[in-house]
Structures are given as structure tokens and as C-alpha cells.
Amino acid sequence: MTHQTGPEGGTPAAPAPATPSDTMAPAPHATPPDLGAALSLRGLWKRFGDKVAVRALDLDVPVGSFYGLVGPNGAGKTTTLSMATGLLRPDGGTVHVRGTDLWAHPDAAKATLGILPDGVRLFDRLTGLQLVTYAGLLRGMDRDTVAERAHSLLVAMDLAADAHTYVVDYSAGMTKKIALASAMIHAPRTLVLDEPFEAVDPVSAANIRDILADYVAGGGTVVVSSHVMDLVQRMCDHVAIVGAGQVLAAGTVDEVRGDQTLEDRFVDLVGGRTRAEGLEWLRTS
Amino acid sequence: MVAHFLRLKLTLLGNTLRRSVWQTVGLCFALLYALFVVGSLVIGAIVGGGMNPTVTGHVITLAGAVAVVCWWVVPVFVFGVDQTLDPQRFTTFAIPHRTLVAGLAVAGVVSVPGLATALAAGGSAFAWWREPWLVPVALLGAILGLASCVVGSRAVTTVLAPLLESRRYREVVAVVAIIPLVLIGPAIGWASEEIGAVSRETTDDGVTVSTDGSLLAAVVARFGELVAWTPFGAPWSLAAAVHDGAWGAAASRFAIAVGTIAVLWLIWSRSLAKALVTPPVGGGRGARSKGLGWFGRFPATPVGAVAARCTTYWIRDPRYAAGISIIFLMPVILWLPARSSGNLDVLLLAGPVVAWVLAFGVSNDVGYDYTAFALHVATGTSGRADRWGRALPVLVFGTAVVVLVAVLTLALSGRWDLAAPLLGICLGTLGLALGVSSVASAALVYPVPKPGESPLKSPQGAAMATMLAQTLAMLITVLLALPLVVLGIWAFASGSLLVGWVTLVVGLVEGALLLVLGIRMGARTFDRRAPELLQQVQSFP
């Protein structure tokens with residue numbers, strides 16, 4: 001369904017500096033957004049200065065899928081997910097969340113999204129319980145529901161003992177978990193998680209995977225980004241490989257990987273493997 | 001190796017400038033301004049040196065001492081030290097400790113204030129142009145003076161950093177700041193006695209004070225002589241001592257200057273070594289708080305939630321402490337001049353100033369949130385909830401505090417007749433400044449120390465943007481407050497009760513109106529550009 005719209009492929013330096021009007025024009029063969037999909041991105045563009053981070057990216061995330069977004073560092077995963085969740089305004093293109101145009105009606109669309117952004121801080125002078133409560137109250141929930149859900153989330157995340165510790169004193173893994181709890185308190189229909197397993201210990205990661213699997217089984221949709229192929233292959237049913245700001249391959253995990261492992265397929269598509277030559281001096285014996 | 005540090009600093013500076021035209025413009029203005037000030041100082045020194053070398057020598061000593069004190073003290077309270085070359089970043093590079101300290105010291109001179117001080121110090125040496133053999137001595141003194149400026153400021157901030165990063169920052173700053181302020185009282189008393197003594201001596205000599213300003217010269221001489229023996233003034237007074245032929249004095253002042261630098265160097269080097277292996281941690285370990293805190297006390301709505309969070313931050317985040325400490329400091333600062341001049345009416349300024357400082361404290365609230373602000377964007381928090389939530393704690397607690405300060409100053413000065421206009425000005429200022437802040441924090445964000453960072457760090461290259469944004473917000477506030485100020489002065493001057501009551505009514509109405517208007521405008525801006533605000537804070541260096 002989704003492949004690059006430009007002819008330039010893997011040579012990012014090739015295109016002449018396009019004016020914004022060029023870049024924002026919808027691709028001629030653009031398919032209309034899938035209004036039934038949990039998340040439907042069409043022709044997303046984002047540039048920072050001279051660098052194009054995301055170029056004409058299309059992606060459809062079916063309802064009820066556990067979707068993995070993989071790509072090398074700097075491929076545009078975080079930029080894409082930020083634009084898909086209303087954190088970063090795209091230069092061009094559209095985002096539909098179950099048929100709602102996110103950038104035209106951000107409030108309605110954001111109400112059904114739970115977001116775990118990567119590389120942002122938390123209000124870490126609050127305790128874990130206060131932070132989760134804050135997220136719930138900001139969503140306009142009533143006090144009793146917030147209290148009840150906050151408690152069960154903290155138990156599920158194995159943070160109940162640290163509920164009254166300030167988040168600034170949490171470890172990296174605990175911080176991820178409390179951020180995840182804050183993203184889930186309003187029972188969103190779609191969870192978009194950017195690098196949710198980074199710095200999380202194996203036991204907690206397994207717990208989080210169980211929580212997410214239950215959530216998908218109950219009809220929720222999860223999008224996770226990661227560069228741990230193995231994890232994505234085991235956990236997700238759908239995957240999209242992103243490179244240089246475009247979707248290089250997308251579909252169910254089996255469709256994408258064919259008869260290879262996901263990791264080999266990924267390396268084939270993205271390229272850039274180098275043999276470790278010329279580092280002889282590094283050998284200590 | 002030291003050259004590497006210099007080049008690194010220059011490269012970093014160049015890269016910042018490449019990123020932003022405005023920063024380049026800002027730096028150019030700062031440089032021009034500094035050059036103008038330095039130029040006038042040097043010309044003054046040279047002209048003065050031609051006319052009266054002795055007095056000029058004393059003036060240079062005093063000015064130099066003031067410069068040293070400023071270098072040491074100002075970073076602690078106001079700007080923070082330029083952390084372009086944060087020593088923490090060099091920990092993994094196995095740089096010999098001695099080289100690191102030397103490199104950081106030299107790089108510390110490469111900044112606008114550093115260069116300005118260097119030029120002014122060097123230029124002032126040419127005050128001795130009538131006796132050219134003194135110029136090298138003065139230059140040596142200037143180098144020593146510059147060294148004690150730079151090394152002293154680093155030593156003071158490095159030693160105090162762990163203190164100021166801790167959660168006790170608030171109390172510590174309040175206490176430390178009060179000590180010199182408390183000493184100002186006795187110091188002024190002592191100084192006026194000294195001046196009195198000098199003037200008696202001069203009058204005894206039969207010199208008329210008003211004609212040739214010799215009283216001033218005598219006062220300068222007396223203080224210059226004194227300061228020359230302190231670590232602050234010693235390096236700057238070397239040439240003066242040699243000029244007088246007081247070789248013994250010159251030698252001891254040289255020893256004082258070098259000794260000061262050595263001690264500071266040692267302190268800095270030690271505390272830096274310690275700081276490098278104890279990276280800053282976010283406050284005390286494992287501190288806990290019971291229950292929901294303010295979240296349980298404010299209503300369970302988005303507005304209430306934001307208000308609860310902001311209240312928690314005002315109390316727990318050391319970066320807001322400056323705003324709070326001013327509440328305690330303001331009356332003290334005003335009390336001393338008021339007492340020495342015998343006119344206690346000056347005290348009445350405390351209320352409006354506290355109101356303004358508190359309201360201005362939220363003018364860059366989104367900048368203070370840093371990327372944690374993403375939560376507001378992700379949850380789709382409305383501009384109304386965000387703006388009101390941030391303004392409410394200041395409004396509620398600020399009103400209480402401001403009224404308290406106003407009543408206190410009224411009681412101290414005994415001017416109860418001014419109660420109505422004073423309250424009008426205080427509450428009006430609080431409301432309208434809060435309105436301006438609500439617009440400003442949605443329209444202009446600028447880098448501030450990040451959460452958990454030392455309030456002493458001033459973010460690299462941010463000074464100009466900060467100054468522009470603050471000046472703009474301040475100008476608008478002053479303009480809006482103008483009618484109120486005019487009414488207040490009228491009430492004060494005429495003593496008319498009617499004008500006083502009119503001031504109160506105008507203050508309340510204008511404050512409330514501008515607050516609501518500001519929050520509306522801020523909310524609209526916020527709704528339109530919340531993602532852009534987030535992108536802006538994410539791009540902070």
C-alpha cells in the first residue's frame with residue numbers, strides 16, 4: 001500500500017531544494033485516507049531547516065493491530081509519530097484518527113489517543129501518583145475515576161510502592177512506566193508509544209508487553225516504534241520499515257519479512273551494513 | 001591544551017551565531033555597548049591620569065574593586081555563570097585536572113563581560129602615561145585583577161552550586177542574600193561617619209567644600225587607601241603604591257593579590273574535582289510526599305489540575321525560588337535606605353514591586369516546563385485551562401501576600417491614609433501584570449535553566465533573547481500601569497481621600513479587566529500554536 005512517492009529513493013541529496021508549495025502538493029496518485037483505520041497518514045512532510053526529516057509518508061494502521069514501526073536512527077520515526085499524534089505540525093499531508101482529521105479537529109482526535117513521546121521530560125517534581133492523576137484530570141476525567149484507575153495502573157506497572165516518590169528520583173525504566181501509565185489513564189482507543197521499552201528492565205518489559213497484548217485483545221490499537229527487530233517480530237502483528245523519512249515496506253510481519261528474519265529484511269531495505277575492516281588496531285592481543 | 005579550550009569556546013560561539021541571526025545582532029549590540037562603556041572608562045582614566053594621578057589611582061582601585069565584587073556576587077543572584085564549557089562535559093576525556101582548570105579559566109575570559117573587563121583593566125593602566133615606567137606595573141596589576149575576577153567567580157559558583165541545586169536553595173539564597181544587605185545599614189552609617197570626619201578635617205584645613213570638590217577627593221582617597229588593602233582592591237592599587245614610592249605597601253599588596261588568586265584557584269580546583277565525581281542529582285534522594293498534595297485541594301477540573309501542578313512547582317522547584325525570595329528581600333532592601341533617610345514612605349513601594357515580580361514570574365512558564373509541556377499538548381489541554389491554571393495560584397496566593405506586604409509597610413510607615421490607593425496599585429499591578437504574563441508565555445518563550453539544573457546556569461547564548469522578551473513584556477506592563485501610577489502619585493501628593501478611593505476602584509477594575517483580557521488572548525494564542533510552543537522548547541540548547 002505504501003511506498004515512496006518520489007523517484008529519488010535512497011539519495012536524499014538529489015532533489016533540488018523544493019519550495020514548500022512543491023512539497024505540500026499531494027502526490028498525484030495519492031489514495032484517499034482510510035477513514036476506518038485507527039491511524040491513517042497521507043503525504044506527511046516535515047523539514048527542519050535544510051534537512052527533510054519526513055518526505056511524503058503514507059501509512060495505515062488497521063484497528064485492532066499491534067503495529068511496529070522500525071527504522072534506523074534518524075529515519076524519522078519520532079518525527080512521524082509526533083505529527084501523527086498532534087505534537088508536531090506537519091509541513092504538509094493529513095492525519096486521520098478513526099476518520100477524524102487530527103490537525104483540523106485536534107481535541108476530538110487527541111481524546112482517543114494515548115501518547116508516550118520519546119525524548120521529552122515529565123513534570124518530575126510531582127510524585128508518580130500525582131503525575132498520573134494530573135494526566136487524568138487534564139483529560140477532564142472526574143476525581144473518583146482518576147483515583148481508581150491511577151491506583152490500578154500503578155499496581156499493573158509495579159510502581160505501587162513508589163507511588164509517593166517524586167518522579168525525579170525514579171530510574172529510567174520507572175520513568176518510562178509512569179509515562180506509559182499517564183498515557184493510558186483515559187482508556188484511549190489507540191496507543192502510540194515511541195520507544196516504550198528503552199531502558200526498561202526485562203521483567204518490567206514483559207509486564208508491559210502483557211498489558212499491551214491484553215489491550216489489543218480487548219479491541220485497542222497499539223503503535224510502537226523501536227529499533228529492536230527481535231522484539232517487534234515477536235510482539236507485533238504488523239510492521240512498517242521506515243528509512244530516510246519514507247515507508248520502505250509495510251504490512252503484516254509475515255508479509256514484510258517474507259522468508260527472511262525481520263532483521264535481515266530490514267538491513268536489506270535500509271542498507272548501510274559495513275564490514276568491520278580497518279579497526280585492527282583495536283585488537284588487544 | 002589550553003588553546004584547545006579557547007578554540008572550542010570560539011567554535012561554540014560561532015555555531016550559536018550561525019544558527020540565529022538575532023543572536024548575532026544581539027551579540028553585536030552587546031559588544032558595541034561594552035565597547036562604548038569600556039571606551040569611556042579608559043578615556044576617563046587617561047584624562048584623569050593626566051590631571052591628577054593620585055586621585056585617579058584611588059578611583060581605579062575603587063572601580064576595580066567594584067568590578068571584582070560584581071564578578072563574584074552577580075552570578076550567584078542574577079544571571080548564573082555562562083556554562084558554555086560545562087566542566088561536567090569533560091569528565092570522560094581524561095584531561096589532566098590542572099589543564100582542565102587552566103583551560104576553563106582562560107576560556108572564561110572569552111565572553112562579552114570578560115573581554116570588556118580585560119580591555120577596561122588594560123586600558124586603565126595607561127592612566128599612568130605621564131610616568132611611562134609605571135604602565136607595566138599597572139598592567140601587571142590589571143592582569144592580576146582580571147584573574148581574580150574570573151577565578152573568583154568560578155570559585156564562588158562552583159562552591160555554591162551544590163548548595164543552590166539542592167531543595168534548600170530557597171532558604172539558603174534568602175539567608176545568604178540577607179547577610180550583605182543587613183550589613184549595608186552599618187556600612188552606610190560607618191561610611192557617613194568617615195565622610196563626616198574627612199569633611200571636618202578638610203574644613204579645618206580651611207578648604208571650602210563646594211568650590212574644588214576636594215571633599216570628594218579626600219573621601220575617595222580615604223576609601224581608596226582602605227580598599228587597596230582588601231583582596232578586591234589590592235591588584236588595582238599596585239601602580240599607585242609604586243607611584244607614591246611606597247615599596248613596602250606595593251610588595252604587600254602584590255602578595256595580597258597573588259595570595260587571593262592562589263587561594264581562589266585552590267578552592268575552585270578542589271571543588272571542581274569534587275563536583276566532577278558527584279554529578280548533580282535532582283534534590284534529596286527518595287524524598288516522598290503523602291497523598292495527592294495540591295491535586296486533592298484544587299477542584300478536579302483541567303483548570304484545577306494545572307493550578308495544583310503550578311502551585312506544587314512554585315513550592316518545589318528551585319527555579320521559582322527567585323520570585324519567592326524577593327518577597328522576603330524587598331521589604332529589607334527598602335527598609336535600610338528608608339531608615340537612614342528617615343523617610344519611611346519609601347517602604348510603600350514594596351507592595352507593588354512584590355506584586356509585579358510575582359506576576360512576572362509566570363511570564364515564561366512554558367519555558368520553565370521545558371519538554372514536560374508535551375503532556376499539555378498530548379492531552380489536548382485547552383488554552384483556557386492552561387492559562388487560568390497557571391494564573392490562578394499566583395492570583396490567589398499573590399493577592400494574600402501582596403495585601404500582607406501592603407499592610408505591613410503601611411503599619412511600619414504609619415501612612416494608613418494611603419491604604420486605599422496603595423491597595424489599588426498593588427492589586428491592579430498584580431492583575432494587569434498577570435494578564436501580560438499570560439499573553440507573553442504563550443507568545444514568547446526563551447531558554448531558562450532546565451528542570452533540575454542549577455538555577456545558576458544561564459543557558460548558552462540565551463541572554464539576548466531573554467532580555468528582549470523581558471524588556472518587551474516589561475514595557476507593555478509599564479504602559480498599561482501608567483494610569484494607575486499617575487493616580488497613585490496624585491493621591492500621594494495631594495493626600496486627597498477621594499483620589500485615593502478612585503485609585504482603588506480603578507486598580508481593581510483595570511486589574512480584573514486586563515487579567516481576563518490577557519488570559520483570553522493568551523488562550524487563543526495557545527490554542528493556535530501549542531505544537532509550535534512545544535517545538536520551540538524542544539529546540540532549546
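The backbone N, Cα and C atoms fix where each Cβ goes, and this holds for glycine too.
The transmembrane segment annotation in TrEMBL covers B:21-47, B:59-79, B:100-121, B:133-151, B:172-191, B:246-268, B:320-338, B:344-362, B:391-412, B:418-446, B:467-492, B:498-519.
The transmembrane segment (B:21-47) is in contact with the transmembrane segment (B:100-121), judged by 3+ CB-CB distances under 8 Å for residue pairs 6 or more apart in sequence.
The stretch from B:59-79, B:246-268, B:467-492, B:498-519 with the most CB pairs below 8 A to the transmembrane segment (B:100-121) is B:59-79. Long-range neighbours of the transmembrane segment (B:498-519) within the same chain, counting only residues 6 or more positions beyond its ends whose Cβ lies under 8 Å from a Cβ of the stretch, are 384, 387-388, 391, 395, 417-421, 423-432, 434-439, 480, 483-484, 487-488, 490-491. The recorded stretches the transmembrane segment (B:344-362) and the transmembrane segment (B:246-268) do not share 3+ CB pairs below 8 A when only pairs 6 or more apart in sequence are counted, and are therefore not in contact. With a threshold of 8 Å between CB atoms, the same-chain residues lying at least 6 positions outside the transmembrane segment (B:246-268) that come near it are 101, 137, 141, 144-145, 147-148, 151-152, 154-155, 158-159, 228-231, 234-235, 237-238.
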